[in-house]
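Trainee: Questions regarding the structure given below will be posed in turn.
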Amino acid sequence: MTTLTGKTVLLTGASRGLGVYIARALAKEQATVVCVSRSQSGLAQTCNAVKAAGGKAIAIPFDVRNTSQLSALVQQAQDIVGPIDVLINNAGIEINGTFANYSLAEIQSIFNTNLLAAMELTRLLLPSMMERGSGRIVNIASLAGKKGVAFNSVYSASKAGLIMWTDAMRQELVGTGVNISVVCPGYVSQTGMTVDTRVSAPKLAGISTPKSVANAVVKAIKNKTTEVIVNQNPITESLTKLMLAVGQISPTSVDRIYRWFGVVDFNQKRAENRVKDGYVAVESHRS
């Protein structure tokens with residue numbers, strides 16, 4: 001799929017954060033974007049942005065945490081636009097905290113949004129893609145899924161699951177004409193975790209722009225890229241890959257690097273702020 005012109009894309013988490021930037025990037029490629037999110041007002045704004053950028057947009061308000069109802073979402077989308085060429089699983093939720101303080105409902109909410117919704121949407125759309133011998137699936141994960149992050153353990157686990165599932169599916173789909181990719185951004189400016197003005201994201205760890213992440217998604221679709229690390233610039237990305245490789249040999253060495261970068265302190269402060277806020281869920285860069 002060297003071009004997205006005339007292709008139909010189903011994008012979850014489209015109402016804010018990264019979702020808006022991804023939708024705009026797709027619009028510039030002349031794609032039709034089926035925008036899915038819980039926020040009807042946010043979807044309207046995203047659809048307007050898509051149309052302004054030269055694309056076509058359809059809004060479908062839906063909470064992807066309701067995984068048992070996702071078949072209705074897929075049917076509604078296909079009734080409106082026909083076959084889906086590209087699925088982008090971007091919806092995500094993040095709740096910082098010490099693990100002992102998580103409720104089962106919070107854990108289930110994170111996994112339903114970050115992992116199970118992606119699996120179920122893929123399961124529902126994959127047969128038609130395989131029948132046509134063409135399709136793209138892009139999962140938006142996180143560097144937190146490549147290296148566990150203290151005080152964000154459930155989010156890390158959900159994203160690690162997304163990465164490993166993508167890896168397994170990539171092997172399973174060889175020869176089908178359907179390709180699956182995973183994009184792993186680090187901290188992203190102007191979105192989710194970085195908008196808490198009470199604590200600044202650790203600059204030493206690298207901070208990317210949402211536009212750069214959106215561009216990486218488009219490139220992954222066009223180039224069939226297996227895995228994309230997005231972290232500020234090519235040099236920082238190369239160092240990140242090296243650090244992750246070292247972590248496979250000596251995990252505690254990278255633990256110390258994370259503490260030195262300020263990653264652990266950052267997440268601990270966000271967890272403390274969550275307690276002060278009365279345990280309100282802090283959604284990540286897409287919802």
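Here the Cβ of each residue, glycine as well, is placed from N, Cα and C on the backbone.
Relevant sequence annotations retrieved from Swiss-Prot are reproduced here:
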- 11-35: NAD(+) binding site (BINDING)
- S142: substrate binding site (BINDING)
- Y155: active site, proton acceptor (ACT_SITE)
Trainee: Select the most exposed residue of L11, A23, A27, A31, C35, where exposure means the fewest other Cβ atoms within 10 Å, treating these as the binding-site residues.
Mentor: A27
Trainee: S15, S142: which of these binding-site residues has the sparsest Cβ neighbourhood within 10 Å?
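Mentor: Comparing Cβ neighbour counts within 10 Å for the binding-site residues S15, S142 gives S15.
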Trainee: The residue listed as 'active site, proton acceptor': which of the binding-site residues S15, A31, C35, S142 have a C-alpha within 10 angstroms of it?
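Mentor: Passing the 10 Å Cα cut: S142.
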Trainee: Of G19, Y155, which of the recorded positions has the most Cβ neighbours inside 10 Å?
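Mentor: Within the set of recorded positions, the most crowded position is G19.
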Trainee: In DSSP terms, helix, strand or coil for L11 (NAD(+) binding site)?
Mentor: strand
Trainee: Under a three-state reading of DSSP, tell me whether C35 (NAD(+) binding site) is helix, strand or coil.
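Mentor: Strand, per DSSP.
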Trainee: Measure from the CA atom of the residue listed as 'substrate binding site' to the CA atom of L11 (NAD(+) binding site) and give the result in Å, rounded to a whole number.
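Mentor: Per the Cα atoms, L11 (NAD(+) binding site) and the residue listed as 'substrate binding site' stand 17 Å apart.
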